[in-house]
Amino acid sequence: MKPRKLHIKSYGCQMNVYDAQRMVDTLAGEGFVETASVDDADLVILNTCHIREKASEKVYSELGRLRVAKDEAAREGRRMNIAVAGCVAQAEGREIINRAPVVDVVVGPQSYHHLPQLLARAEKDGRALETEFPTEDKFAFLPPPKPDKIRARGISSFVTIQEGCDKFCTFCVVPYTRGAEVSRPVAKIVDDVKRLADHGVREITLIGQNVNGYHGEGPDGRTWSLGTLLRYLAEIPGIVRLRYSTSHPRDIDEALIEAHRDIPAVMPFVHLPVQSGSDRILSAMNRKHTADDYRRAVDRFRAVSQDIAFSSDFIVGFPGETEEDFQATLALVTQIGYAGAYSFKYSPRPGTPAADMQEMVSADEMDERLARLQELIDSQQSAFNKAAIGTTVDVLFERAARNPGQIVGRTAYLQPAHVMAGESIIGQVLPVRIDSLERYSLLGELAGPLPTLAPSGTQPSINSSETRMGA
Ligand code: SAH
Ligand code: SF4
Ligand code: F3S
């Protein structure tokens, strides 16, 4: 059978990136191969994000373009199926079906394991929609990636360990689009990580909307927290770096702090969104913590290691935010000192409590606050990056860079670092002497001689046969 071609485009967070891979893996079983272009695709999936208005609107403009491609395919006598997945599908599934006749399938984030059936139904009945929250865990039904796929995706991989959110921040759609918080069992996660490690993955980022709220069933029948899980995963041969994202300041327990203290594989870089530095606004956001709670959370990490750096998310212009509230945010940023952060203008989202709040901050004011906050964050980020110059840092090498002869990797803080070297270093963590900084990229030289490879089996983390998939 001639393979059918699949084009998938993802917006939004890391969870969508991971889900996109799992959809590709599922459809591989149906004879689909990926294509980089829309034009020759038999199936196009838009994996959408609903978090802010701008993200959400992209769907409809993209669907306009896809209609042209679909008509063109029809003229050539081919059927092009269009599917909308992700959080807009969940939030506006029925509306998409009504508004956009070009769409054949709408599938919510918890139903991807039903994609093959939905496609079959669309072929038969014309269209198919599924936005239920099924009781079963989709990951239990989604087939794992094939070894060649894992290799092609490189040495760093996401693994979803927790989905959904029960926190209900008043501005946020996630609890509605992803449903209730569910943690995957430890055994399943370990299977996934082992499979990835066996095929060359060296770095795992555990992802969840509220990842440090993880409470999965452990192999011992007890409930495990993220700290315990990290400790276990660090023992898997081949895994040299562990990260996790996104954390909530209220769910930091001792096990997580101790993981940072004791486990070298746990990277000293924590994404810890705070949204605002004003207690009044934090309360209106239903964050259920104060700015001081957040400062104390940061201090707990720093007490076990001064090396830990932080990034965060901020919203400016939440309803009722005064200049004084905003000043409190700037003060918090100044006090914490971030390695980087994302900042967004508040966007009212349908169905969220904040959307009914009246005291809107004007667009001009939002623009102005966003610019001031970003300037402060940029200056912190650039100071943080500059501080690396002249030091020697560990870099996990990922792939050949655009410049011939250069290999690029990342530091513990996810800064890209480039060196001149052969591709055999891909997959290894090596010390690099940093000479300079070009925009956001560090340039340096390998420090010291390359480690000689140990006889096979004794040094699973630096296995030469596993290091070439970036090539
Ligand atoms: N689960 C994560 C983040 C979820 S969304 C957490 O709790 O931190 C990622 C970021 O988008 C949020 O941290 C927030 O800064 C931003 N965001 C979410 N809803 C938003 C909205 N309605 N308007 C503007 N920014 C928003
Ligand atoms: Fe959204 Fe808040 Fe849940 Fe994060 S914790 S996903 S911001 S509701
Ligand atoms: Fe967007 Fe959904 Fe992620 S709304 S940020 S894709 S969970």
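Quick reminder: no glycine exception, Cβ is built from N, Cα and C everywhere.
Annotations in TrEMBL come from automatic prediction, not curation.
Taken from TrEMBL as is:
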type	residues	note
BINDING	Cys13, Cys49, Cys87	[4Fe-4S] cluster 1 binding site
BINDING	Cys165, Cys169, Cys172	[4Fe-4S] cluster 2 binding site
COMPBIAS	455-471	compositional bias 'Polar residues'
DOMAIN	4-124	domain 'MTTase N-terminal'
DOMAIN	151-386	domain 'Radical SAM core'
DOMAIN	386-448	domain 'TRAM'
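In sequence order, Lys167, Phe168, Phe171, Val173, Val174, Pro175, Gln209 are the same-chain residues whose CB sits within 8 A of the CB centroid of Cys165, Cys169, Cys172, the residues recorded for [4Fe-4S] cluster 2 being left out.
Mean per-residue pLDDT, taken over the domain 'TRAM' (386-448), amounts to 96.
Distance noted between the C-alpha atoms of Cys13 ([4Fe-4S] cluster 1 binding site) and Cys172 ([4Fe-4S] cluster 2 binding site) is 14 Å.
In terms of C-alpha distance, the listed binding-site residues Cys165, Cys169, Cys172 place Cys172 closest to Cys49 ([4Fe-4S] cluster 1 binding site).
If you take the Cα of Cys169 ([4Fe-4S] cluster 2 binding site) and the Cα of Cys87 ([4Fe-4S] cluster 1 binding site), they are about 17 angstrom apart, rounded to a whole number.
Sequence-distant neighbours of Cys165 ([4Fe-4S] cluster 2 binding site) (same chain, 6+ residues apart, CB-CB distance under 8 A): Cys172, Val174, Pro175, Arg178, Glu181, Gln209, Asn210. Within the set of binding-site residues Cys49, Cys87, Cys172, Cys172 have a CB atom less than 6 Å from some atom of ligand 1. Around Cys87 ([4Fe-4S] cluster 1 binding site), the C-beta neighbours below 8 angstroms that are at least 6 residues distant in the chain are Gly12, Asn16, Thr48, Cys49, His50, Ile51, Pro109, Val173, Val174, Thr177, Arg178. Other than Cys13, Cys49, Cys87, the residues of this chain whose Cβ falls within 8 Å of the Cβ centroid of the [4Fe-4S] cluster 1 site are, in sequence order, Tyr11, Gly12, Met15, Asn16, Thr48, His50, Ile51, Ala55, Gly86, Val174, Thr177. Residues in the domain 'TRAM' (386-448) partition by DSSP class (helix H, G, I; strand E, B; coil) as 4 helix, 35 strand, 24 coil. Ligand 3 lies under 6 Å from the Cβ of the following binding-site residues, listed in sequence order from Cys87, Cys165, Cys169, Cys172: Cys87. Under the DSSP three-state reduction, Cys87 ([4Fe-4S] cluster 1 binding site) is assigned to helix. Taking DSSP states H, G and I as helix and E and B as strand, the domain 'MTTase N-terminal' (4-124) has 65 helix, 24 strand, 32 coil.
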